[in-house]
Amino acid sequence: MAPYLETVKSFADVPITDAGVDTVTFLEAADGLVGLFDLLGSAAFSVVQSDLKGNIIKVRARYEATPALSSTLESLVENEKGEKKRTATEGLLWLLRGLSFTCKALQNAQSNQAEELSAAFTKSYENTLKKFHNFVVKGIFAVAMKACPYRADFYAKLSADPNGGTPASQEKLNEELDKWLAALSSIVARVEAFYEKGNYSKGF
């Protein structure tokens with residue numbers, strides 16, 4: 001077994017064509033990001049994890065029901081627009097919001113090596129998810145931010161080999177994580193722009 005990022009699908013490996021973002025590999029990479037919260041090791045983040053998982057299930061269910069019409073995220077949304085309940089369209093929108101929150105938090109941590117994770121995640125929450133949440137959910141997230149593990153502990157887990165092999169060097173970890181996050185950020189921006197242009201987020 002290798003360090004965590006080497007065991008999951010990277011967002012950098014998700015094919016993007018003129019038709020859009022490949023649905024199957026995007027969902028595989030999103031599954032990998034969900035597992036990242038296990039490394040954070042805080043029960044407070046279970047609300048984030050379950051939200052991400054639930055939205056992945058909605059998008060995957062739509063793909064499995066109509067694979068020929070859902071090969072890219074864009075075609076999946078486009079082909080659901082005439083239906084009364086756009087479950088996958090809403091699920092993908094919330095999935096993008098959750099991915100953006102996680103991505104920006106880790107980018108904050110990467111760009112400021114002296115900053116603890118609680119500060120990095122709090123800053124990201126303020127700029128991403130907070131505006132969509134009611135008073136109760138904001139309170140849950142405030143608790144989760146405070147419960148972040150120490151930066152050193154999280155990065156040690158991220159670089160460790162669960163089978164006791166040699167951990168990844170800090171340099172290698174930073175390189176892989178930066179590549180992973182840059183690709184995720186690019187995908188989120190692309191699909192959010194698609195939603196904006198087509199007014200697909202209306203009502204959600």
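The backbone N, Cα and C atoms fix where each Cβ goes, glycine too.
Nobody curates TrEMBL annotations by hand; they come from automatic prediction.
Fair warning: this is a prediction, and the values are worked out from it, not measured in the lab.
Over in TrEMBL, the protein carries these features:
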DOMAIN    21-159  domain 'Glycolipid transfer protein'
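Taken together, the residues in the domain 'Glycolipid transfer protein' (21-159) have a mean pLDDT of 90 on the 0 to 100 scale. Taking DSSP states H, G and I as helix and E and B as strand, the domain 'Glycolipid transfer protein' (21-159) has 110 helix, 3 strand, 26 coil.
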